[in-house]
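Here Swiss-Prot flags Glu46, Trp47, Arg48, Arg82, Arg212, Ser231, Gln235 as 3-dehydroquinate binding site, drawing on sequence analysis. The annotation active site, proton donor/acceptor is assigned in Swiss-Prot to His143 on the grounds of sequence analysis. Feature annotation from Swiss-Prot assigns active site, schiff-base intermediate with substrate to Lys170.
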Amino acid sequence: MNKVVVKNVTFGEGAPKICVPMVGKTVAALKEEAEMLQTIDLDVVEWRVDFFEDVKDLAKVEAALDEIRTILPETPILFTFRSAKEGGELAVSDEFYFELNETLAGTGKIDLVDVELFNEEADVLRLIETAHKNNVKVVMSNHDFDKTPAKEEIVSRLTRMEALGADLPKIAVMPKSAGDVLTLLDATNTVSEKANQPIITMSMAGTGVISRLAGEVFGSAMTFGAAKKASAPGQIDVNELRHVLDLLHKQF
């Protein structure tokens, strides 16, 4: 399997990397969050820009990014506009979604960009090309807040993401039972054994919390923890998360 190196973080080896979302609505709130995150043991910061109140002004988005980067100069930043259809805060046109992501990837000031799988393939490929030209890695994602698809479907989506050029394919699904969590873990194990790229998977809510902890066993390269406000159901406090990941890593 290829390793994916972003600044001082290597995906695809050792314990899953911890990503903590920033969900501030204003520049002031984001600066406060970034300063707090400086004090926390994390690997990646995800800027959930769909929470940012000036997201439609691209100059203001870049200015906010500059403020975050000043406070967190060495921390990998994952730039994510989560669409409303995949559980995000704001509904926007497909045109704006791609304009925003291409513009910010084109600055080279972010380290990773989230690209949702279920969009026009030509748009997705163009965004991946822009990202890679600017040394920005692509987390290609899919989120199902209603259910856990069949194992074959989860495997198919992750495999398709890699085929399209994702550096880190990602899927998050909602369990209705413990069996659904096993389905997600089984799919993760199957894909990670044959994939060229590290993958990121999770089963959400309380039922799925084991999937956020067991990535090193089953093959998920990153997990999401909450420092302030969880951006998805089931995210664990980042300090507790690190403790458990370290414990499992020592035994593995």
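All positions are counted from 1 along the displayed chain.
Cβ from N, Cα, C; glycine included.
Here the features listed in Swiss-Prot are painted onto the structure.
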residue	record	Cβ contacts under 8 Å, 6 or more apart
Trp47	3-dehydroquinate binding site	Pro21, Met22, Leu30, Leu65, Ile68, Ile77, Leu78, Phe79, Thr80, Ile110
His143	active site, proton donor/acceptor	Arg82, Glu86, Gly87, Ile171, Ala172, Val173
Lys170	active site, schiff-base intermediate with substrate	Asp114, Val139, Met140, Ser141, Asn142, Met161, Ile199, Ile200, Thr201, Met222
Arg212	3-dehydroquinate binding site	Met202, Thr223, Phe224, Gly225, Gly234, Gln235, Ile236, Leu241
Exercise. Including all protein chains displayed, how many Cβ atoms other than that of Gln235 (3-dehydroquinate binding site) lie within 10 Å of its Cβ?
Worked result: 22
For this session: Please work out the number of neighbouring Cβ atoms within 10 Å of the Cβ of Arg82 (3-dehydroquinate binding site), leaving out its own Cβ.
Result: 22
Exercise. If you run the three-state DSSP split on Arg212 (3-dehydroquinate binding site), which class comes out?
Worked result: helix
